[in-house]
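These notes concern the structure reproduced below.
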Protein chains: 2
Amino acid sequence: MTELNETHDPSLRSWVESANDEANGFPVQNLPYCVFRRAGAGDFRPGVGIGDRILDLDALAKAQPFTGDAARALAACQGPELNALMALGTAAWSALRLALSRALRQGSALRDTLEPLLVPQSEAEFAVPARIGDYTDFYISVHHATAVGRQFRPDNPLLPNYKWVPIGYHGRASSIGVQQHFPRPVGQTRPSQEGGAPAFGPCARLDYELELGVFVGTGNPLGRRIAMEEAESHVFGLTLLNDWSARDLQAWEYQPLGPFLSKNFASTISPWIVTLEALAPFRLPFQRAAGDPQPLPYLASSRNTAAGAFDIRLQVSLSTGRSREQGAPAATLSRSNFRHAYWTVAQLLAHHTVNGCNLQPGDLLGTGTLSGPDVSEAGSLLELTQGGKAPLSLPWGESRTFLEDGDEVTLSAECVKPNYPRLSFGASVGRVLPALT
Amino acid sequence: MTELNETHDPSLRSWVESANDEANGFPVQNLPYCVFRRAGAGDFRPGVGIGDRILDLDALAKAQPFTGDAARALAACQGPELNALMALGTAAWSALRLALSRALRQGSALRDTLEPLLVPQSEAEFAVPARIGDYTDFYISVHHATAVGRQFRPDNPLLPNYKWVPIGYHGRASSIGVQQHFPRPVGQTRPSQEGGAPAFGPCARLDYELELGVFVGTGNPLGRRIAMEEAESHVFGLTLLNDWSARDLQAWEYQPLGPFLSKNFASTISPWIVTLEALAPFRLPFQRAAGDPQPLPYLASSRNTAAGAFDIRLQVSLSTGRSREQGAPAATLSRSNFRHAYWTVAQLLAHHTVNGCNLQPGDLLGTGTLSGPDVSEAGSLLELTQGGKAPLSLPWGESRTFLEDGDEVTLSAECVKPNYPRLSFGASVGRVLPALT
């Protein structure tokens, strides 16, 4: 999906006026998917974002305005999840994008059909947009891996496998949500003296992780790998993902089988999936730093070298109980960019399936924390505060090492370049509630 | 579910003659669930095993032979998965078990209704009996953890957290199957010299793991833990689970986030779920060895101490291409017992949810390899062959360190005690095919 087509024409404008406002980030060139309903009313259904509105695709499907592949794809946009659309593949996705682009452009003959089917985003509530069969989290920022590794192994921060293996592990699908408010997790932490009993209580080192999530479109049968050349054709789109982490629980539990209760209490995505096709104008070459090993052949393709990476700007911001009381704006904690990742989306799929593991429509792959090369670009408090040793000062007079009750973390992302409308990923918003007793 | 009731009366006999044959293991006291269809015909549907037959519960539901809770539970036994029944809870499960027990006993007035709904097991094919939303694998045999740890850390085999934390991690749900034939996985393995490039090719150290699987019945909402006292009421039943493992892939990939491609290419369960209620006569006290720490309060209950464990005999057997050609019987590789586990089923649920993680009906929890205290009771080749150093001799003249192409591994389990019919778990059967190129 690196090819540009008429849907990427930067001069296109929509008859939905708010879509033409740069600040909004949902121009007719974006068309991100969600699952929504009018707050408290009716069934959840697929929608597509345009300006400050959502086009109700379930209702549109009933109107049957399209033909061919686009009609087939639109017919799959019914029910409370996008899995059926995700299963159809690139031809159907592209056809629906083109049909929606044409229908939402200024001068569209379908305006009268579509206009009654627009719902203000401010009146909507959102659901997780797919039935996520399996959730896998990767670890593809070498900057994050190095910064975290340094806290455990100062002399040897990066393990020997890191530059060869796209490190990943399975996560919990059931606790993924949108706009989550969740209680601070409780659990065991390392004994204060060696050989003693562990402590038990509310997590004292609660953190966020700034990630992107990759929604799998078409899957692969068990036993058949996905080759690099085809990998991106299996990807439906990208979302924001906050992989909340309980650092003190993690340090005690993670050997030898990896993180478990330190991660699976909540993971918050954005309601929006920006399609791979919408991101075509923001592709970048993928290159390894001098001295780094080249990927093994099963992780390499000419297409990946030419345009495997993405220019997606990322941001984390924080509000607290006190800041909201004072009416202070949320504080930006860090900015990063997906372009700094050590592995590409295509490599994640090729690696995940090289052993025959089957992916299914709606599966979610997290990138891992997307820290950039500079310490100010770190995607977690663990890094920003040097493991809690260097508190962050917040503009309204508080400071933080790790998250406190009432803290609300917002992840956002955007694609920006000259002479092209700004694309937004919406936001992942989650808030920490006090631990349950 | 430690209480005995009329369904556990050892003198009960069924009008299905084969159910009264000890060799069979599916007496009227067992009544395990499955999802099946006549081979190649019709839709998959819930069934219950009786003797060498399966009672078609979908067809029985249409006949509406029961009333009250049993009728409500039976009505949930339609469609290709047991999730709806699993979600109903203990009162419904018990009522259905009692109604089925009465209907299948000698002298039942419902014999004429049920007899046409019996399908020979030999004519059935099976499906995974539930939509498994999330699969978690634990590590609850201290004997396995010690034996494996010794290969990596001879002086310090057991990590400091082991006797405090029921170690677990998330696994892959999509690749769980029944009666699987799967290609040998391919992947990266450790470089032959430090700092060199990893090798890439078919796994050379392919292993099985003898486990039980716990099917979750009713779940819990996100943020609300399940207390020890209630934990077993959330468990629907137990199955066999072979957690195939690629040891060479695992050794290279698993730091720092745990096993990934070394485990997720296939996991084979038995088609049968033996309910917790059926296992009531085989409960045992749960006690810690002298000198071991007592579980933290959130992992303790008087009920767990009194009867938290299970007396379930386990067995692994192997056939190979050559043994099947020669008509030789499969070789028994080891025998073990679930009673040796370091943590109980109730503790797994209490631990999994203590941080607020939500379980859902149909979730599967693996126990981890159930090795016993003696080396002959080891549940994997890694242990039985001391990491490949001590090949096993097979009766037909071959030997094995790890699995070769064509090898078929069968896990089986049974409950046996004097004056009670033998209960079988059926079998988990999987075969290794050559790696795909």
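Backbone N, Cα and C define each Cβ position, glycine as well.
TrEMBL annotations: computationally assigned, not manually curated.
Site annotation (TrEMBL, ligand Mg(2+)) includes A:Lys263, A:Ser267; from A:Asp243, A:Asp248, the additional listed residue is A:Asp243.
Record note: TrEMBL gives A:Tyr139, A:Arg153, A:Gln250, A:Tyr254 as substrate-binding, and the candidate from A:Thr7, A:Thr369, A:Thr385, A:Thr401 in that site is A:Thr369. Record note: TrEMBL gives A:Glu209, A:Glu211, A:Asp243 as Ca(2+)-binding, and the candidate from A:Asp112, A:Asp134, A:Asp137, A:Asp311 in that site is A:Asp137. Listed in sequence order, A:Asp137, A:Leu240, A:Leu241, A:Asn242, A:Asp243, A:Gly366, A:Thr367, A:Gly368, A:Thr369, A:Leu370, A:Gly379, A:Leu411 are the same-chain residues six or more apart from A:Glu211 (Ca(2+) binding site) with CB atoms under 8 A from its CB. Each of the binding-site residues A:Tyr139, A:Arg153, A:Glu209, A:Glu211, A:Gln250, A:Thr369 was checked for a CB under 8 angstroms from a CB of chain B; the ones meeting this are A:Tyr139.
In the predicted structure, the domain 'Fumarylacetoacetase-like C-terminal' (A:141-414) carries a mean pLDDT of 97.
Considering only the binding-site residues A:Glu209, A:Lys263, A:Ser267, A:Tyr139 (substrate binding site) has A:Glu209 as its nearest partner by CA-CA distance. Using A:Gln250 (substrate binding site) as the reference Cα, a 10 A cut-off selects A:Lys263 from the recorded positions A:His144, A:Glu209, A:Lys263, A:Ser267.
Spatially, by CA atoms, the recorded positions A:His144, A:Arg153, A:Glu209, A:Tyr254 include one closest to A:Ser267 (Mg(2+) binding site), and that is A:Glu209. In sequence order, A:Gly368, A:Thr369, A:Leu370, A:Ser371, A:Ala378, A:Gly379, A:Ser380, A:Glu383 are the residues near A:His144 (active site, proton acceptor), counting only same-chain partners six or more apart with C-beta under 8 A. For A:Asp243 (Ca(2+) binding site), other Cβ atoms within 10 Å of its Cβ number 27.
Taking a C-beta cut-off of under 8 Å and a sequence gap of six or more, A:Lys263 (Mg(2+) binding site) has these contacts in its own chain: A:Asp137, A:Gly171, A:Arg172, A:Asp243, A:Trp244, A:Ser245, A:Ala246, A:Gln250. According to DSSP, the domain 'Fumarylacetoacetase N-terminal' (A:29-129) comprises 44 helix, 24 strand, 33 coil.
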